[in-house]
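Quick look at what TrEMBL annotates:
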{"type": "COMPBIAS", "residues": "1-10", "note": "compositional bias 'Gly residues'"}
{"type": "REGION", "residues": "1-79", "note": "region 'Disordered'"}
{"type": "COMPBIAS", "residues": "18-30", "note": "compositional bias 'Gly residues'"}
{"type": "COMPBIAS", "residues": "47-59", "note": "compositional bias 'Pro residues'"}
{"type": "COMPBIAS", "residues": "60-73", "note": "compositional bias 'Low complexity'"}
{"type": "DOMAIN", "residues": "103-245", "note": "domain 'DDH'"}
{"type": "DOMAIN", "residues": "323-397", "note": "domain 'DHHA1'"}
{"type": "REGION", "residues": "408-432", "note": "region 'Disordered'"}
Ligand SMILES: [Mn+2]
């Protein structure tokens with residue numbers, strides 16, 4: 001199916017673990033920005049008292065034509081339509097302007113949004129004469145090597161860097177600091193974080209945070225940041241941004257695809273992006289083992305709750321049989337989701353350590369980020385994830401029972417009124 005590859009991991013975003021509690025309530029739809037404890041750019045001044053405390057999640061800070069609008073007007077924004085009330089956007093732009101050395105971090109099992117956005121912003125910062133390094137605990141998969149600059153990513157622990165020399169760590173598409181995995185220790189040594197994301201569950205762990213849940217991909221935000229920095233988008237950056245958007249929208253199929261998404265895509269094509277090149281590299285280079293694993297997974301397809309629930313299971317044994325690698329089940333959950341009449345789709349994947357990763361999707365009514373949050377996970381309204389201690393059978397029974405109860409309650413309470421908290425980004429790829 002088109003677009004089921006999506007992007008290696010991201011959109012569920014929140015790296016939900018039963019212990020970690022990365023969930024956070026799914027925020028309301030509107031963009032929000034929260035500025036953290038101290039500004040990025042210069043060293044934090046120990047004499048400056050901490051100004052703004054972080055508002056509780058979901059509470060919308062600064063309103064109206066505040067800093068965001070000012071930034072749009074003042075930053076030479078090349079048509080950037082910065083949402084009103086987003087002081088965080090201007091703060092991010094200021095921090096990017098002020099710093100001279102930046103380390104950009106991919107999230108674990110980086111997806112097209114993480115890779116493409118990081119690449120585009122990294123190139124733009126270099127255009128401004130800044131030094132950047134692009135690292136992660138996992139390298140981009142084969143599918144993304146075609147990107148101009150795609151060979152510049154490094155494993156964080158294989159570069160010899162004095163992290164304390166960096167002005168800030170930039171994290172894109174990371175709802176939770178745990179999303180960077182062990183690279184977190186480098187970020188802690190850098191000491192300052194710029195956090196730009198579109199997951200409503202983002203935990204606002206940065207010193208500067210800009211969270212825009214209505215953005216289809218962080219790639220959209222990245223394009224506006226580059227405009228606001230006054231850097232002309234070139235073809236290489238355009239490839240990164242296009243890949244970010246293509247993967248996070250499921251090839252422009254999901255409900256997060258907005259008119260501005262397509263206008264941006266058109267602009268990227270005008271800059272030289274060849275869409276068939278991206279689609280072919282990202283979606284049509286699957287190794288044989290992945291289709292073999294899919295064949296096994298489809299054999300486990302089951303349906304419940306009167307046809308409104310469907311799920312598949314990938315056990316460790318199945319993965320061993322085909323020689324599967326991390327990330328090979330990406331997009332599989334879209335098969336149960338594609339079944340007519342299905343409202344909630346689940347994929348259970350047994351991890352090497354015995355834990356069970358659950359991918360959640362919904363078609364158009366149920367907010368699965370809320371359901372996943374009951375198990376310590378999170379994500380978007382239409383795509384979420386959580387990870388639970390095994391064994392597989394126990395987790396499956398637990399989760400299915402909960403979902404069936406939820407669907408029955410909805411049916412009993414008068415049927416398919418959409419869950420509160422829409423705004424979600426539709427069924428995008430995941431991997432908590
Ligand atoms: Mn994303």
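Cβ atoms here come from the backbone N, Cα and C positions, even for glycine.
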What does DSSP give as the helix, strand and coil breakdown of the domain 'DDH' (103-245)?
61 helix, 25 strand, 57 coil
Which residue counts does DSSP give the domain 'DHHA1' (323-397) for helix, strand and coil?
16 helix, 22 strand, 37 coil
Please give the average pLDDT for the domain 'DDH' (103-245) in this predicted model.
96
